[in-house]
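Colleague: The feature GTP binding site is assigned by Swiss-Prot to 20, 21, 22, 23, 24, 25, 149, 150, 151, 152, 184, 185, 186. The annotation Mg(2+) 2 binding site is assigned in Swiss-Prot to 20, 45. The Mg(2+) 1 binding site annotation in Swiss-Prot covers 24, 47, and the record cites sequence analysis as its basis. Per Swiss-Prot, the feature Zn(2+) binding site maps to 60, 63, 75, 77. According to Swiss-Prot, the feature domain 'tr-type G' maps to 8-206. Residues annotated as region 'G1' in Swiss-Prot, with sequence analysis given as evidence: 17-24. The region 'G2' annotation in Swiss-Prot covers 45-49. Here Swiss-Prot flags 93-96 as region 'G3', drawing on sequence analysis. Per Swiss-Prot, region 'G4' is recorded for 149-152, and the stated evidence type is sequence analysis.
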């Protein structure tokens, strides 16, 4: 990294695909960061929460293609040659296990593009490979690079066969025409080609800096270690992605819909939180202002007990009085898939019925709701917990089928 360069990441790239296909290992090869950080994740050997890591794309003009691209400022052609920093990138490592699909969907709301990881040593597609690709389509992510991983553990013939399986799988989908890069993430082979594809196929989208600032919260923490003296305690931290506008250190902010408070008689109300930004960080980089692009950690004056253990995931951050009112009822213009995805056996998607329970993914919020009205093209859903959203925002719809929440369609909020 070049010493004083404090550029924030410009783009969020999701890393998606079936469980054990090497997503976390790929992120480590691209960034040097192992995103599986929680004790339960390490014990089970799988990503449970969204993992984040910031990486860099360096380019040496003196090298050939694609070896001119590297995640580090080092050069193959000449150790003394200076590479230039093209971009900083935030990677969102989404869990590939079927029981964690809701977590993947909340991460998809933050993504500008995606790396779809497919292991060459298993037939393609696997159930969550299918489900994740449909999720990208539902959320509207068109910039996709396919990473054919684990080519080092298969024969040349199997690698070619796997490549053909991938081509057949993506035909007619949003990923048709996407580049397919064979790699060994474990041995860091062909990582330069992945970076070259990222530069070409996942551009930094235009950002609107003049609108009121808005951020989706996808993680929240208490960063104080046990035993920290009271005078050294710092406020709670919320992490996520800024969608529009600019946040600055010292800004007053509102977090909505806030936290659930039980009132006398057992009624639950949501109370918005108001606080001040004390710090802004992108990975190890501390900045005075943060714009869209990358995953930012906002330090606040909130009591850390409020933010610990992802308590505020699904909330939205804005300036006081500038966020829309939280909604407990949504009218959705919906579109159903033909078939349920993520299951080994194919099943038709039945029409949505009045009275049934659905799981809705709205931004980074995951909430359950009961269908109170079901028309041919429009449904109305009464939510268990309120959400902050905008007209025409996309919503992913899931239904409980054989004990698991399965993607069945998507919609636009009216």
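Yeah, the Cβs are placed from backbone N, Cα and C, and that goes for glycine too.
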Colleague: Of all the Cα pairs drawn from 20, 21, 22, 23, 24, 25, 149, 150, 151, 152, 184, 185, 186, the residues the record ties to GTP, which distance is largest, in Å?
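Modeller: 17 Å is the greatest Cα spacing among the residues binding GTP.
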Colleague: Taking every protein chain in this structure into account, which of the binding-site residues 75, 151, 186 has the most other Cβ atoms within 10 Å of its Cβ?
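Modeller: Answer by Cβ density within 10 Å: 151.
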Colleague: Counting only other Cβ atoms and using a 10 Å cut-off, which of the binding-site residues 24, 149, 184 scores lowest?
Modeller: 184
Colleague: Reported in the order helix, strand, coil, what are the DSSP residue counts of the region 'G1' (17-24)?
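Modeller: For that range the per-state counts are 2 helix, 1 strand, 5 coil.
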Colleague: Could you state the whole-number distance in Å separating the C-alpha atoms of residue 24 (GTP binding site) and residue 75 (Zn(2+) binding site)?
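Modeller: One finds 25 Å between the Cα atoms of these residues.
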Colleague: Rounded to a whole number, how many Å is the Cα of residue 20 (GTP binding site) away from the Cα of residue 60 (Zn(2+) binding site)?
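Modeller: Between the alpha carbons of residue 20 (GTP binding site) and residue 60 (Zn(2+) binding site) there are 33 Å.
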Colleague: Rounded to an integer, what is the Cα-Cα distance in Å between residue 60 (Zn(2+) binding site) and residue 22 (GTP binding site)?
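Modeller: So the Cα of residue 22 (GTP binding site) lies 28 Å away from that of residue 60 (Zn(2+) binding site).
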Colleague: Among all the protein chains here, how many other CB atoms are within 10 A of the CB of residue 20 (GTP binding site)?
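Modeller: I get 16 for this one.
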Colleague: Select the closest residue to residue 75 (Zn(2+) binding site) from the following binding-site residues, measuring between CA atoms: 22, 151, 184.
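Modeller: Closest recorded candidate to residue 75 (Zn(2+) binding site) by Cα: 184.
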Colleague: Looking only at C-alpha atoms, tell me how far residue 186 (GTP binding site) is from residue 63 (Zn(2+) binding site), rounded to the nearest Å.
Modeller: 24
Colleague: Quick one: Cα separation, residue 151 (GTP binding site) versus residue 63 (Zn(2+) binding site), in Å?
Modeller: 25
Colleague: Between residue 184 (GTP binding site) and residue 63 (Zn(2+) binding site), how many Å separate their Cα atoms?
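Modeller: Roughly 22 Å, rounded to the nearest whole number.
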Colleague: What is the separation, in Å, between the Cα atoms of residue 149 (GTP binding site) and residue 63 (Zn(2+) binding site)?
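Modeller: A Cα-Cα distance of 25 Å.
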Colleague: Rounded to the nearest Å, what's the C-alpha distance separating residue 22 (GTP binding site) and residue 63 (Zn(2+) binding site)? Just drop the number here, would you?
Modeller: 28
